[in-house]
Structures are given as C-alpha cells and as structure tokens.
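To start, the structure itself, in structure tokens.
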Amino acid sequence: MLRARGPGPGALLLRAALGLGRRGRSWQRPQGQDTGVQVHNSLTGRKEPLIVARSDAVSWYSCGPTVYDHAHLGHACSYVRFDIIRRILTRVFGCNVVMAMSITDVDDKIIKRANEMNVTPASLASLFEEEFKQDMAALKVLPPTVYLRVTENIPQIIAFIEGIIAHGHAYSTATGSVYFDLHARGDKYGKLVNTVPSATAEPGDSDKRHSSDFALWKAAKPQEVFWASPWGDGRPGWHIECSTMASEVFGSHLDIHTGGIDLAFPHHENEIAQSEVFHQCQQWGNYFLHSGHLHVKGTEEKMSKSLKNYITIKDFLKTFSPDVFRLFCLRTNYRSAIEYSDSTLVEAKHLLLGLASFVEDARAYVKGQLTCGPVEEDVLWERLTSTKKAVKAALANDFDTPRAVNTILDLVHHANRQLRAVSKEASGPRSPTVFGAIISYVEQFFETVGISLANRQCVSGDSSTVTLRCVVDELVRFRLKVRQYALDTPGAAGEARKRQLQERQPLLEACDTLRQDLVTHGINVKDRGSAASTWELLDPRTRHQKPGDRG
C-alpha cells in the first residue's frame, strides 16, 4: 500500500510530544553540471533540474535485494525501470553513471528462512544472491558498478555507528543494542514524507528511550549469527547498512538515490538522518527517485511475498521475453503504480512483434526485396525530425517513457502506411534512404532502453552462428529458386499454363511445408511476392504469434 505523503493526527501529536515543529522542505539546489533533465525529486515533491557534481561520474546508490528468497516481478519492475533511466542518462544525456547497489545478506528474514531450511544464513544468502544476479541478467538489467554486501562491511558499519554516537544522536543500552535518538534529530527528521514514526507499544523489556527510536545495532540473540562490537556481540540494523556502504563509495554527498516507493519511509528517511548526522552536512542525498508498485489487476495490493500473490522472475520468463516485460514497464511512468495482467503483457508482446515486423519490412524495402508504390519522402523526413525532437523532450521531462514510446509508435504507423506492397514492378523513384534512417533511429531508441529489434540472426558473432546463418541463407535462396520456377511459365498461356502450374504444384507445396517446418525450429521465412524471400530467428516464446507474411 502506498504511504500518504502528509502526517496524520497521531504523527503531529507525536511531533508535538517530542518538541518537533512542522517540517518544511529545505532542499538545497546542488552546484555542478546541469544534465538537461528534470526529475521528480521526492525530497521536494516536484520536478527539479537534475544537477550533478560531475557528469563524468554521477554517483547513484540503489537499494538492492535482501537475499532470502526468489526475486519476483514486483522487484523486477523497480530494477528494470531504474535500469531504463540509467541507460537514458548514459546514452541520451551523456552521463557516466557510477552505481553502487547493496546486497543485504544478513537480517531477520534470512536468519528465519535459514533456520526453516536447516542451512546457514551465509549459504542461503549466497544461493539467492547468485539467483538474483542471474535474474537481473536475464531481464537485461545492467549490473551496478559495484555490489556491496553487508557482511563484508561490518567494521565500517561499527565505525559509522560510533560516529553517530559521538555526535550525540545515538545511544547504547545495557543489553548491547544501539539506537538512533530521533528526539536529538529534532525538526530535521521527515525530509521525505513530512512525518515521524507513529508511536507503537514496546515490549516490556524494551530499553529504548523513545518508542520511535530505531536500531543501529541489534544485540545478539541465542543461535543467531553475530559480530563483536564495542557494545557487545550483535549485528547491524537495516537502515545503517545503506548509509555506511553508500558513504564508503561516495563520501558525504550523493547525486541520486533510488528504490521502490515502499522504501521512502522509514528506510530512506532513516538513511538521511543517519548520514547527515555522521557527515555533519545539511543535505546528504540531492535526489531521491522512487518507483511505483506493481499491482495485481483488479486489486490495490502490491505484488509481494508477504501477500503470496507474486510471480517469480524465472516463471515469468518461461512465458514472456525480457523485451516484452521491458516494453510493459516503458508504457507507464516509473513513478506510477503499474497493473499486472496477462492481457497487458500480451498487448506489449503484440506491440513488440509489430515493431519488429515493421523493421523487417522496411529493411526489405531498402534492400529492394519489397516492391512498393511511390513514397512521400519529404513527409517522412519531416516526421522523423519532429519525432527525434519530441522523444528527447519527453525523456528530459522526468523520463517520460510512455510519451516517448507513443511518439515512436506514431512514426512507425505513418512509415508503415507508406510500405504499400504492390504485385507488379512500381514505376518512379524509390526512397530507401529515408526508410534506412527510420530503421536506424527506431532500433537505436529501443536499444537505448534495452530492447533489441535488430534481426536476431546477428546477435551473436561466434563462428558457429555465422556458419548457421550462411547455411540458412543458402537454404532460403534455394527454396526461392524452386518457388520461382514453380510460378514462372514463360511462353505458356491458357490451358497450357494452367496444366504447367498444376504439374508444378507439388513444388509449391514442398516450399510451404519447408517454411512451416522451419518455424518449428525458430526460423521464419517471408515470401515477398515472387521476387525475394527473407528470414529471421524467432523468440521461442513468441514464435506462434508472428504477424502474417507481407507480399
């Protein structure tokens, strides 16, 4: 469930009880290089110019997974959306992104699951960390510059906690735990959601000073993994991990921090509090970007393990391709909730197939394999120019991918209308250059956001793939010659031509059978009239959804 952005009555009463006034947004516009992009900054609740310290080293911290179970589509949605943004920043706006991502490999959920499975927490975390990375690779999510595991940063976390204590914002207890003193933070707490944690009933043995204080270090419990610390054996709290690891890489200032909307409070809010106290700075992170939840269609429930309404990434990819999922994500703004259903995925799949079909047909036209009537070349050049301008403007406006994709689809629609196949040789000039330019731009756009429309024959350059391509080329050429012979009856007319075609009908049937057989092996042959035939490799998840042949 999405959290409200304003404080409720209970929160206001708690702030009054703590001596905290109503917080105003006090965001400081950074100094540095303007990327040319406007982003919705959760720190201000509005769009701001994205200004980074250095465009050749944009610092970006991403909250990564807690590796205790299989990753599901709710996770995938957030990571794919931010991967798209990262690609746009890099490839459209020329930023070099340095991304650090956390791996929480010790926490309550990991310990509980390890006990249930009768394995060590370390082995469980290692198993699901590797699976997470495989899932991200399968979804074509670019890996971060560096992964940061909690268990490899325990000394740094302890030192970070000591710094917060030294600045008077944390305290240790007799039981060996350490808590952040929210009262000491005063009116500076609540930069993201303008609230503080609601008062909650504490166990009778709680040694917190205030119920809203949160753990920096948790005293060890029997049979739990622990590390030695100045306060006794224990392990880190959740929020302190990210503050420490982000600071280890980026120091006291961070350009971009990302995560799902459910992390805004309390996780990111607590990160801000810890980091600004430790570094003694007014603004640790300049921009916080949050992605909307993936919802199950017909409900307001987010997809989550706790609600048992999730689909694992591996199961999803048995039915749909990563490109289909990526297009599904592109069609909504990254901040919006997105509704999951088979129908929306099928719609994305058909859009992708239509785009690939257009590219294939346009390429056939450029190569002279598709005969068309006259083309309104000037109109297409003008539309291509306006499309490029509109797409860049959309991406600069808080990464408005729905608008960008719709603009591309409009270009494809108008270009497709010009590819009117004719059965006879068309008279007049051809316009291959403009279609070549459109192909190049459309493929480049989708490649930028991580989707490949290029002929799948060319995705691998190893020798066996090249050999296979040559073999299929020869097979398709041989089939074309047989088909042309079966259809060509020079000098014959009337009954003689009819008899000749009937005699050669088995050859045409054999050509059709071969084409159908090749589809079962993932190869789609298109006959473009009697003059040419082309082929492409099919995604096994979509090979039965291929649009019909043209020509």
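Heads up, the Cβ atoms here are built off N, Cα and C, so glycines get one too.
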Stretch carrying motif ''KIIK' region' according to Swiss-Prot (options 85-88, 109-112, 121-124): 109-112
Residue from Cys77, Cys95, Cys242 that Swiss-Prot also lists as binding Zn(2+) with Cys63, His267, Glu271: Cys242
Thr104, His267 bind L-cysteine per Swiss-Prot; candidate in Gly45, Gly64, Gly163, Gly168 listed for that same site: Gly64
Lys305 (ATP binding site) and His267 (Zn(2+) binding site), distance between Cα atoms, whole Å: 19
Long-range Cβ neighbours of the motif ''KMSKS' region' (302-306) (under 8 Å; 6 or more residues past either end): 1, 69, 72-74, 262, 293-296, 337, 340
Beyond the flanks of the motif ''HIGH' region' (65-75) by at least 6 residues, Cβ under 8 Å: 103-105, 107, 109-110, 112-114, 124-125, 127-129, 131-132, 135, 260, 293-294, 302-305, 310-314, 316, 325, 340
For Glu271 (Zn(2+) binding site), nearby residues of its own chain (Cβ under 8 Å, 6 or more apart in sequence): His239, Cys242, Ser243, Ala246, His257, Gly285
Helix, strand and coil counts within the motif ''KMSKS' region' (302-306) (DSSP): 0 helix, 1 strand, 4 coil
Spatial separation of Lys305 (ATP binding site) from Gly64 (L-cysteine binding site) - C-alpha basis, Å: 16
Residue, out of the binding-site residues His267, Lys305, whose Cβ gathers the largest set of other Cβ atoms within 10 Å: His267
